Every structure is written in C-alpha cells, then in structure tokens.
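Written below as structure tokens is the structure these notes are about.
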Amino acid sequence: MPSSETRVEVLAKIMRSISGPVALAYSCQREDTAALHLLLQAYAGGDGPGNLEVFTLNTHKLFPETEEYQRDVEVFFGIAITKYSPDPAEEKDLEAKLGEWGMRESLEHRHFCCDIRKVKPLGEILKNKSAWVTGLRASQSVTRQDLKILEYDEKFGLIKINPLYDWTDEELEAYTQKFSLPENPLYSKGYKSIGCAPCTRPVKEGEDIRAGRWWWENPEHKECGLHVKQGA
C-alpha cells in the first residue's frame, strides 16, 4: 500500500479531473470510513467538497448499531450523510411477495430484494453524478479481484473510483488505528463485512471476511448488484 499521503495525492489528481458532482456511497464499514477520510483530505486546500455528496442506502433492514454508527461518523467528520430509501410502493410489493425471510429461499428472491432496497435507489442517486467513490478492495472476494483504482461503471454510466482497491485487511486496520477513525460496533461482535441484518452473520475463525454475507450462497454469487460488472 502506498503511503496515505501518496494515495491522497493520487486521489486529489483524479478529483481535479472531474468537473461534475461526485458521490461517495457510505455503507458504514471500515472501508468507506477510510475512503471518506482520504477523500476529504484530497479535497482539502482546494475549493472544498462542494460537489461531493456522501450518502447511504437505508434499506429498512439495517442493524440498530449501524444506524447509531452513522450518527457517530457525521459528528466525527462534521458532515451530513444523506439517507435514501426504497420506493414505498415497490417495498410494499416486495414484502408482500417475499415476507420477512423470503430472500433466503433462492438467489432470484435475494436479488429481487437487493434490487428494490439497494440497486434501484442507487441508480436514481447516480443519474446526475459524474463519479462514484467506493470503499471496494480487490482482496474482499473473488468477484472483486480485478479491481482498479479508476474504472468506468457501465451499469450506471459513470466513473467509479476505488481508492482502497489494493489495500489488505491489515493495511486497512492500520490506517483506521493510525487516524483513530470511528468503527461500527458490530466489528467487535465478530462481524467482518456488514450489510442488512437478515443477510449478515458474524464470521467464524478462519472464514473469509465476506463469509457472513449471504452465507447460504456460493462465493461467486455474493454481490448485491451494486458492483457487478456488465457481462459478469
């Protein structure tokens, strides 16, 4: 991993090349907190992050700890995180068809749930954005191993920036500790990758960090649809 200063410089150069509005999707995990910290440094000394929107997707299935953590992050960084939710009519239809646990019955059902609660709201958010900053890392899963710092997202039609693309678990933890970044309390309870409560469990000793996400599925299927490349 390059020094944080070098990565900030690279990120600042990228941001200067983007004239339109930028969004950072905040999922309340270590990765996004570190990405946000880097991004705010990259903007420092310039015109400021006036064209930056930090947002989160309130799927209405989040852990209470996650919602509380969002407020801690807002205080720590002195920002407001915009909350977006699913379309009420589509969410009502989803719940009528699947019930509370229907997303576990099949891959099709789970994708349907993720589509209504995450993918469609994100598509609306990104319609008027020029770039999207994420906390994705190549080491997170087999579906992300070809990740690059700068990509074009064909699904949503905009530039995608992954400032932590080459960071290891150890490097991420070291960065978090170095800058005393706030952490989701679920990490201390054995969670390594945090999503919606019905689809996330603590990770057992020796398991992959994303083993607790949609644990009833094969690893190659473990994406919610936000970060799936076209043709994949």
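Glycine is treated like the rest: Cβ placed from N, Cα and C.
TrEMBL has this to say about the protein:
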type     : residues               : note
ACT_SITE : C224                   : active site, nucleophile
BINDING  : C113, C114, C196, C199 : [4Fe-4S] cluster binding site
DOMAIN   : 22-202                 : domain 'Phosphoadenosine phosphosulphate reductase'
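Overlay of TrEMBL annotations on the structure.
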| residue | record | Cβ within 10 Å |
| --- | --- | --- |
| C113 | [4Fe-4S] cluster binding site | 25 |
| C114 | [4Fe-4S] cluster binding site | 21 |
| C196 | [4Fe-4S] cluster binding site | 21 |
| C199 | [4Fe-4S] cluster binding site | 22 |
